[in-house]
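Taken from TrEMBL, the feature transmembrane segment applies to 20-42, 62-84, 91-115, 233-254. Per TrEMBL, the feature disulfide bond maps to Cys153-Cys186, Cys154-Cys170.
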Amino acid sequence: MHYYRYSNAEVSCWYKYLLFSYNIVFWLAGVAFLAAGLWAWSEKGVLSDLTKVTGLHGLDPVVLVLVVGIVMFTLGFAGCVGALRENICLLKFFCGAIVFIFLLELAVAVLAFLFQDWVRDRVKEFFENNIKSYRDDIDLQNLIDSLQKINHCCGAQGPDDWDFNIYFNCSSESKSREKCGVPFSCCISDPAQKVVNTQCGYDVRKKSRRQWHDQIFVRGCILALEAWLPRNIYIVAGVFIAISLLQIFGIFLARTLISDIEAVKAGNAF
C-alpha cells in the first residue's frame, strides 16, 4: 500500500474568485473609459492628427478620461489574470499599485488641507489657463459651462477673468461679436424661458457693474467651490472613505491570496 502526503496549505477559492470579481468590474470600467475617450478623440479628429493634443493650452477632459481608463484597465487586467493564474508577480504589481494610489490620495488630501493658499493659487492659475482655451476645444467648453451653470458662478474670481480669452476680451482691437461679454453659462436663466439664449452674455461687461447682478453671476467659481465644500463636507468625506475602503479591501484580498500561494509553494518544496 502506498501513502501520499498532502500539504495542509491550499489556495482559498473564496479569496481567489472574490479578487477576480473585484477586478473584473475595474477592468470593464477601464474598457468603457478607454472606448469613450477614443470615440471622443475620433469625433474631434485627434486620432488622425495627434498634434492637436499638444495644440490645446488648457485641459482636454478626454485626456483625463483616457488616463483613468488606462489605469483601471491595467490594474483590472493584472488583478484578474493574477488571481486566476495564481501569478505572484501580477498580484504584487496590483497590490503595490493600489497601495501607491491610496498613499498618493492621502498625501494630496493632507497637503491640500495644510497648504490651502498654495492650492487656491494653483486652482486659479489652472482655471485661467482653461478660460484662454475655452473656444479651442468643445469638451473643455462644455466642462466650463457645466461648472459655471451648476455653481452659479462666472470666471475664476469673477466675470472680468473672461478678458483672458481673446473672443471675450474688451480690447478695442478685438473684432469678435462676443467682445466684452461672457459665455451664456454665466447668465442668470429665466425660469419661464424654455429655449437657452446663447447670446445673453453679449456686451454685458460694457454696462455698469450694478447692472451685472440682474443678468449674470458675479461670484467667481473658486469662491463658489470654497462655499460648496463646507456644505457638502459629509458627502465628500463619505466618498473618500468609501473609495479608501474599496482600495483597502482589494489590498487585503491580494495580500491574502499571495500568502496562500507562497504557503502552497513552500509546502510543495518539501
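Each Cβ is built from the backbone N, Cα and C atoms, and glycine gets one as well.
Unlike curated records, TrEMBL annotations are generated automatically.
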Distance between Cys154 (disulfide bond) and Cys186 (disulfide bond) at the Cα atoms, whole Å?
5
Cβ packing number for Cys153 (disulfide bond), 10 Å threshold
26
Among 20-42, 91-115, 233-254, the most Cβ pairs under 8 Å with the transmembrane segment (62-84) come from 20-42
Give me the non-local Cβ neighbours of Cys170 (disulfide bond): same chain, 6+ apart in sequence, Cβ-Cβ under 8 Å, ordered along the sequence.
Asp163, Lys179, Cys180, Arg205, Lys206
Grab the same-chain neighbours of the transmembrane segment (91-115) for me: Cβ-Cβ under 8 Å, and only residues 6 or more beyond its ends, written as numbers and ranges.
23, 71, 74-75, 78-79, 82-83, 240, 243-244, 247-248, 250-251, 254-255, 257-258, 261
Counting across all protein chains shown, how many other Cβ atoms sit within 10 Å of the Cβ of Cys186 (disulfide bond)?
26
Please report the number of other Cβ atoms within 10 Å of the Cβ of Cys154 (disulfide bond).
27
